[in-house]
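Copied from TrEMBL, the annotated features are:
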- 11-49: domain 'SWIM-type' (DOMAIN)
Amino acid sequence: FQVLGSSGKLYTCYSSCHFCTCPAFGFTVLQKSESLLCKHILAVYLSRAMGACQKLSVSEEQLTSILLAEEEDER
């Protein structure tokens with residue numbers, strides 16, 4: 001899932017493995033173990049429960065482009 005953060009940046013959340021690309025997830029969940037999830041993963045769970053997700057089909061090339069763009073943003 002892609003979730004629009006409050007800063008306007010898109011974060012990718014992998015609900016199947018409970019992971020988000022946002023800095024808060026890395027810090028509070030992975031490093032400090034102070035939380036079980038970030039607000040982006042919570043948004044995914046809530047929107048799925050409410051049936052409010054928008055589903056888009058993308059090609060393998062488009063998915064690669066999305067993932068590579070995120071990798072470049074992290075640098």
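Note: Cβ is positioned from N, Cα and C throughout, glycine not excepted.
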Exercise for review: Restricting attention to the domain 'SWIM-type' (11-49), give the mean pLDDT.
Suggested key: 93
**Study point:** Tally of DSSP helical, extended and coil residues in the domain 'SWIM-type' (11-49)
**Key:** 20 helix, 6 strand, 13 coil
